[in-house]
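> The structure's right below; bear with me while I get my questions together.
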Amino acid sequence: MTDLIRLTAAEIAAKIQAKEVSAVEVARAHLDRIDAVEPAVHAFLHIDGDRALQAAKAVDEDVAAGRPAASPLAGVPLALKDVLTMRGAPTTCGSKMLEGWEPPYDATVTLRLLEAGLVILGKTNMDEFAMGSSTENSAYGPTRNPWDLDRIPGGSGGGSAAALAAFEAPLAIGTDTGGSIRQPGSVTGTVGVKPTYGTVSRYGLVAFSSSLDQAGPCARTVLDAALLHEVIAGHDPLDSTSIDAPVPPVVAAAREGANADLKGLRVGVVTELAGEGYQPGVLAAFEAAVAQLRELGAEIVEVSCPSFDLALPAYYLIAPSECSSNLARFDAMRYGLRVGDDATRSAEEVMSLTREAGFGAEVKRRIMLGTYALSSGYYDAYYGSAQKVRTLIKRDFDAAFGQVDVLVSPTTPTTAFGIGERTDDPIAMYRADLCTIPSSMAGNAALSIPCGLSACDGLPVGLQIMSPALQDHRGYRVAAAYETARDAAQGGPLITRVPELEVAH
Amino acid sequence: MPSISRDEVAHLARLARLSVTEAELDLFADQLDHIVQAVAQVGQVADQDIPPTSHAVPLTNVFRRDLVRPGLTQQQALAAAPAAEDGRFRVPRILGEEA
């Protein structure tokens, strides 16, 4: 039975439909695994075994009655990032501000998962309101990286990525504002995809930076990510920035790519995303991946995107500005925490006391930074300039995609760093997003796929593949072809090399 | 070079409705100063004639059909309220002493 937790989502779904295993058995195996490893990993903030088993039972009843599967992932367990609302469970966003808050509605992503017959095991840990690159900003304690429990699992979606690498779930949902799906994927040896902005509904995704936030799939294989991508993507009238266009054919691309070469494909290596500040082991693994793409028949060219150098500073003006506005809703009046309401204090005093008590240090820093950047007198120099930089980044991408089909880079400059190593140095923490931010700012599609272990420390390295907006399937095709070649060259999937965790008895 | 003083942080905290502690004022003044200096390089494009981008995907206004659809019940809306009274949100007084 323990083998069930090592299967891919596609394999699990097929076995359930073939009646080789029941969805309830699959759910039980994962819940048992969660029981055993959670004390060490802490990927989850909330687990609901009864509800998961009920959902699994419903899938088994469909199979027994000969009804068609609700989706190609019916019966597959999933871990949901705690920034998406789900009725009947708390949504905390990793914050004391929302401790115990039960939302009265389902996010569109949640609804689509439930309708597709996925078995939601629980809600995963994250940096508070998705602000961070290590999950250390969670008010409920950090998640640990299954590759080395003294290291961070990335962030903000460290819980989702760690759940995959610890075999607690074969699928997870993350959200990516500046890299919160891709960077955790990179440092945990898992696949993380940021879809084109506007292709996955933000309805029910608690907003951090609305012009950047995007939910996406996390998995251990490219095909699994693609299958989940097609379940959650698509137009939603409840999200005003949702794109009314067909979902890119990502599953077909993943299936075709897995058995194909890359002849005729042009791959651009971004000049600006390498060099100083990059760990040598990361660069070596990245270069080996590029060599693999060349062996597969791709033509490799170097492409310069000069304005990418300004992407990180522009992001750390735009995201905090939007955050200072979005988080104004936490005012202690209609839901969430309220502190100091002693019948003498005014609403404004209660509000200030509540926000002081409910938000952690990083959230406060970003709210104040955003308030500063949006202040009259500073607006043109900071926020206005950052928006101009955003235009320059888009122009660089447009020019690059005029020459090449996809762009590649390391996903993040280093492997997983130690817990506590960067907590007192916000700027060092922000650098973890250096390579992922350009695609966030331009809104195009980007994914991270594991490409090897660093020779420096034996920890996973991620290859980032960036595609033009609404061309998400290009990245999947390249990633699937690379995954097949990588497994052949490295003697099996990278994730099988994750150390065995000590399990609780 | 920009710099953020302790007084400025106190002002920002007031604007953002955060009753920060004295110790936090020192910490945040130092950190915000470093962060602002690190991001200030975007100012190099301030005087260039470049259109701003607010959203990755160009937005056009969308209208939906004016159809009735169910909203939250009063009970659902109040379920997570920090305090409720007579079917309403109970809030602290909204006027200051001087009002």
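Even glycines carry a Cβ here, placed using N, Cα and C.
In TrEMBL, annotation is done automatically, which means it is predicted and not curated.
Since we're looking at a predicted model, the values are computed, not measured.
From TrEMBL, for reference:
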- A:25-474: domain 'Amidase' (DOMAIN)
- A:Lys81: active site, charge relay system (ACT_SITE)
- A:Ser156: active site, charge relay system (ACT_SITE)
- A:Ser180: active site, acyl-ester intermediate (ACT_SITE)
> 10 Å Cβ neighbour count around A:Ser156 (active site, charge relay system)?
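There are 34 such Cβ atoms around A:Ser156 (active site, charge relay system).
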> Might you list, by sequence position, any residue in that chain lying six or more from A:Ser180 (active site, acyl-ester intermediate) with a Cβ less than 8 Å away from its Cβ?
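A:Ser180 (active site, acyl-ester intermediate) has long-range Cβ partners A:Met126, A:Asp127, A:Ala130, A:Ser133, A:Gly155, A:Ser156, A:Gly157, A:Gly174.
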> Name the secondary structure element type, per DSSP in three states, that contains A:Ser156 (active site, charge relay system).
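Assignment for A:Ser156 (active site, charge relay system) reads coil.
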> May I ask you to report the DSSP-based helix, strand or coil state of A:Lys81 (active site, charge relay system)?
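Where A:Lys81 (active site, charge relay system) sits, the three-state DSSP reduction gives strand.
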> Note the mean pLDDT of the domain 'Amidase' (A:25-474), expressed as a whole number.
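Looking only at the domain 'Amidase' (A:25-474), pLDDT averages out to 97.
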> Hey, what's the Cβ neighbour count for A:Lys81 (active site, charge relay system) at 10 Å?
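Around A:Lys81 (active site, charge relay system), other Cβ atoms within 10 Å: 31.
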